[in-house]
Each structure stands twice: as structure tokens, then as C-alpha cells.
């Protein structure tokens with residue numbers, strides 16, 4: 001049978017779509033999706049809805065300013081859709097956590113049971129690495145999209161005039177969240193190449209974030225120059241991003257994008273050299 | 001262009017040499033056997049050929065390309081030892097995915113998955129997940145995936161280990177049937193099986209290529225392997241040795257005799273050796289079980 005193997009790029013897309021399909025049509029994936037839906041359902045119906053109602057109260061801004069300082073969370077009150085502002089606060093910290101959980105098994109199980117050996121004779125290691133990374137971004141992108149749609153629906157249930165601002169705001173939040181999760185997913189790509197199980201990859205992630213955070217804190221106390229090392233750790237910009245809105249949040253995009261490129265480069269080097 | 005060429009190939013695991021300066025060149029054609037005791041380096045050699053790992057020294061070319069070359073994608077397939085499919089996905093979805101990576105469209109890939117499963121008599125389990133299969137069935141599914149897209153070279157590491165005799169026979173028949181278009185390289189401990197399938201035999205021992213023999217080499221026509229049912233072994237050895245054209249008769253197993261015949265110039269005397277043997281059996285009322293031209297692989301490698 002004469003079939004020209006597709007280019008690495010095409011195979012990367014085939015692998016990414018297969019990862020998405022694997023997640024959506026697999027019992028484990030469906031369970032994860034249901035659990036995710038329940039968590040976000042509860043978050044949207046209770047904390048987000050009630051916090052949004054609070055944000056609309058004129059005296060709440062004064063309370064927040066007095067609690068956290070005048071310029072700490074003031075931008076939250078400038079959001080055109082209150083529900084999206086509260087969603088932003090939750091999503092900014094929750095999606096990176098989901099990312100670590102969801103993307104922990106990109107390679108570890110397949111490598112341990114030898115499944116990768118069936119693939120590397122059919123596609124390049126590059127397309128496998130980038131395809132699986134892209135697949136994880138598609139999965140998380142889908143989850144982000146679903147939660148944003150739910151938040152828009154929540155806002156519209158309060159005030160149907162908010163359709164356009166909610167949609168614009170939701171699109172920008174979605175874009176920002178995808179950029180935020182990129183380095184987390186890329187680091188998990190790297191760790192899952194090294195780990196033997198998804199659980200081990202998550203343990204490595206915990207150790208990595210804890211040890212590097214402590215090291216940076218210690219080094220930062222020694223000198224201001226060393227304190228800049230904080231930017232190597234994915235999520236370093238999150239606390240600054242919290243008090244931003246819309247396009248202004250994109251100012252921080254270069255940090256996760258550079259971190260992602262660095263983690264993927266390391267992953268590629270490891271993938272090319274490692275025995276399967 | 002050689003199918004496989006290895007020069008000065010070595011692989012170290014720490015200080016242990018799994019392969020030590022292995023050199024060989026193989027042409028496309030009849031199946032090739034890779035034989036050797038446990039730990040001889042067979043799986044390491046397969047892993048190096050597949051590009052799963054890099055050699056510590058030496059070079060490998062497959063169809064003129066280095067392992068892992070993009071030009072080899074889809075042209076080489078392998079049944080790696082102990083590798084299993086994803087337990088969470090159906091067999092047909094995984095095999096279709098492999099076919100898609102080899103350049104087939106969605107529908108063509110599904111048909112190809114069913115085709116290769118049919119070749120190993122497992123089309124009816126296409127929609128099942130790997131954990132629901134027995135060990136033998138899993139092995140056959142793994143063999144099926146090697147046949148996707150009819151690759152030029154298929155490396156099978158212990159393909160019949162764990163299979164029942166009927167299914168092992170089916171795998172042998174499949175290899176034989178596909179041999180005209182695909183070259184198979186098979187590692188196995190079952191010498192009888194390899195003897196039935198293969199022409200060229202590589203014997204690895206302690207990481208070194210100690211022998212590379214052809215089962216149909218001219219030297220093998222200088223031997224007969226005789227298996228008797230009833231006979232007086234000592235008398236038979238003495239009587240056969242007296243026959244014209246017989247150089248030596250040896251026996252390492254009970255009632256199995258290796259008869260070495262005179263070579264070249266004296267070959268004319270051997271032309272009716274079989275007839276003279278049958279006459280001898282008749283005279284002594286001995287029953288023979290099998291008379292084989294040449295030697296068994298076991299005899300060839302270990303004599």
C-alpha cells in the first residue's frame with residue numbers, strides 16, 4: 001500500500017485531535033468532565049453569583065479598599081460584567097491547578113507500558129511532543145470555553161442587556177486564561193516525559209513549584225537582582241494579573257509565552273535523547 | 001542497497017555491554033531469524049534498529065537511512081517485546097489512529113485497521129478494549145498493528161511466545177504469506193519455528209554476533225538428518241558410516257543421527273545415498289521417522 005506519511009505538522013494536528021477525542025469519548029475523560037462541570041456549577045451558582053451581586057453594591061468597593069488597599073483589587077469594579085470579574089478571580093488560580101491535574105499523563109503511562117513504541121515508527125518525536133501538548137491545550141481550551149459560556153449565561157440571566165459586553169469580556173478572559181495555562185501544560189509535558197505515572201508527574205510538579213518558590217524567596221531576600229528569578233516559575237504573574245481587566249491583562253502574556261517556549265524546548269531535548 | 005546494515009554496533013548499559021561490535025548486512029527477501037539465549041542482546045538490537053534508543057558506538061542504516069529518519073516512517077513496523085496498547089481505547093480506534101499517522105484518510109484508516117485485524121482472525125474484537133483480550137489475542141493484535149500500510153520491514157520480537165500452537169501456526173503462515181512483499185526479522189527461542197520460516201539466521205551470544213548462517217547454504221546439502229523410530233543406534237552408526245560417500249555419522253540426541261557426506265569431487269557417490277539408506281533399514285527391519293536434507297537449525301548453530 002503506498003501512502004506518503006503526512007508532514008510532521010499534519011501528524012501533530014492528528015495527534016492533537018486524537019487527544020481531544022480520547023478525553024471526550026473515554027470513560028475517564030467523561031468522569032473528569034462531569035467532575036469539572038460539578039465544581040464549576042457549584043462555583044458559578046454560589047460564590048460567583050453572590051460575589052457578583054456584592055460587587056454591584058456601591059459600598060463594597062470601600063470595604064475591599066480598606067481591607068486590601070486602594071489599588072489592589074480596584075480594577076475588579078471596572079469590569080463591565082460583574083460575574084466575569086468574579087469568574088476571572090477564580091479561574092486565574094483554578095485553571096492552572098486543573099492544568100497540572102489534566103496534563104499530568106501526557107506521556108508517563110504510555111511510556112511505561114511501551115505504547116509510545118507503536119507511535120515513534122509512524123510519526124516523528126517532535127510531532128508526538130507538540131501534538132500531545134496541543135491536544136492538552138485543546139482540552140483545556142474547551143473547558144475554559146464551557147465555563148465562560150456558563151458565566152455569560154449567568155450574567156444574561158441577571159441582565160439580558162449585557163450580551164455584547166459579556167461576550168467581549170468572555171473572549172478576552174478566555175484568551176488570557178489559555179495563555180496562563182500554556183506554561184503549566186508545557187511543564188507537565190516535560191515532567192510526564194520523565195515520570196513513570198501521572199501521579200508521579202504531579203508529585204514532581206508539587207516539589208518543583210515548592211522548591212523553586214522557596215529558593216527564589218531565599219535568593220530574593222539576598223538581592224533584588226536575584227528576586228527577578230521569580231519570573232522563571234509559571235504563575236509568577238498571576239497575582240499582578242488579578243487586578244487587571246480585558247486587553248490590559250495581555251501585557252503579562254510574554255512571561256507565560258517565554259516560559260512555555262523554554263519548557264517545550266527542554267521537553268523536545270529530552271524527548272529526542274530519551275530511550276523509549 | 002542493503003535492507004539493514006550494522007557496523008561496529010555496541011550498546012552499553014552502565015558498564016555492561018549488551019551489544020559488542022556487531023557487524024552484519026542483510027538484504028530484503030526471505031524472513032531473517034535472530035537467535036540467542038536470554039540476555040544475548042536480541043531485544044537491544046531490535047530497539048536500536050527501531051530507533052527506540054541510540055547506540056553507544058557504531059552505525060545502523062535501514063533502507064539506506066538512519067533509524068528515526070523521517071524517510072523511514074511507515075516503512076518499518078515492529079512488535080516490541082512487552083509493549084501494549086492503551087487500555088482505555090478500543091482496538092480499532094488505536095489501529096485506525098496508527099493508520100492515520102501513516103497517511104491514510106479517516107475511512108481508509110478504519111478499513112485498514114479491520115483488514116489487519118482480519119489477517120490475525122481478530123476482526124470481531126475490533127470494538128473491544130485491550131484489557132478484555134487474552135494474552136495470545138493481545139499478541140496477535142500487536143502483530144496486526146505491524147501490518148498496517150504493508151511496511152517494507154517488520155521486526156517481530158518473540159511473535160509466538162505465549163500463543164497456543166494453532167495460533168502460532170497461523171502467525172507463521174501469515175509471515176510466510178506476506179514474505180514476498182515484506183521482509184520480516186524475527187527473534188525467537190523456537191528454533192523449529194525459525195527453521196520453517198527463515199533463510200538467514202543471526203546468532204547473538206553475550207552481545208556478540210557469533211554466527212550468521214544461511215539455512216539453504218550449499219554446505220547444508222552435505223548433511224542428512226535422520227530420525228529413527230526403531231533401531232540399534234550403535235549398529236546403525238557403524239553400518240551407515242560404511243556406506244560410500246559418508247564421511248561421518250554422529251548422534252547427540254537419542255535416535256537422531258547427523259550424516260556428513262563427502263563434498264564436491266566425490267558428490268556423484270552421494271546421488272543415491274537415500275536409496276542405500278532405505279535398503280539398509282529394510283535389511284535390519286529398522287523403522288525411520290524422518291530423513292531431512294541438511295541439518296536442523298539447532299544442529300547448525302550448536303554442533
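Quick reminder: no glycine exception, Cβ is built from N, Cα and C everywhere.
Below 8 angstroms of C-beta separation, residues 23-24, 83, 86-87, 90, 94, 98, 102, 143, 146-147, 150-151, 154 of the same chain, each at least six residues beyond the ends of the transmembrane segment (A:30-48), sit close to that stretch. The transmembrane segment annotation in TrEMBL covers A:30-48 (among others).
The transmembrane segment annotation in TrEMBL covers A:85-108 (among others).
Here the transmembrane segment (A:129-156) has long-range neighbours at 11-20, 22-23, 33, 36-37, 40-41, 44, 48-49, 52, 81-84, 87, 91, 95, 98-99, 102-103, 106-107, 123, 162-163, 166-167, 170, 173-174, 177-178, 181-182, 185-186, 188-189, 264, 267-268, 271, meaning same-chain residues at least 6 beyond its ends whose C-beta is under 8 angstroms from one of its own. Here TrEMBL flags A:129-156 (among others) as transmembrane segment.
According to TrEMBL, the feature transmembrane segment maps to A:162-194 (among others). Outside the transmembrane segment (A:162-194), and at least 6 residues removed from its termini, the chain residues within Cβ reach (under 8 Å) are 79-81, 83-84, 87-88, 91-92, 95-96, 98-100, 103-108, 111, 129, 132-133, 136-137, 140-141, 144-145, 148-149, 151-152, 155-156, 201, 204-205, 208, 234-235, 238, 241, 246-247, 249-250, 253, 256-257, 259-260, 263-264, 266-267, 270-271, 274.
What TrEMBL records for A:201-220 (among others) is transmembrane segment.
Residues or ranges marked as transmembrane segment in TrEMBL: A:250-271 (among others).
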Residue numbers, six or more beyond the limits of the transmembrane segment (A:250-271), whose CB comes under 8 Å of its CB atoms: 125-126, 128-130, 133, 172, 175-176, 179-180, 182-183, 185-187, 189-190, 193-194, 231-234, 236-237, 240-241, 244
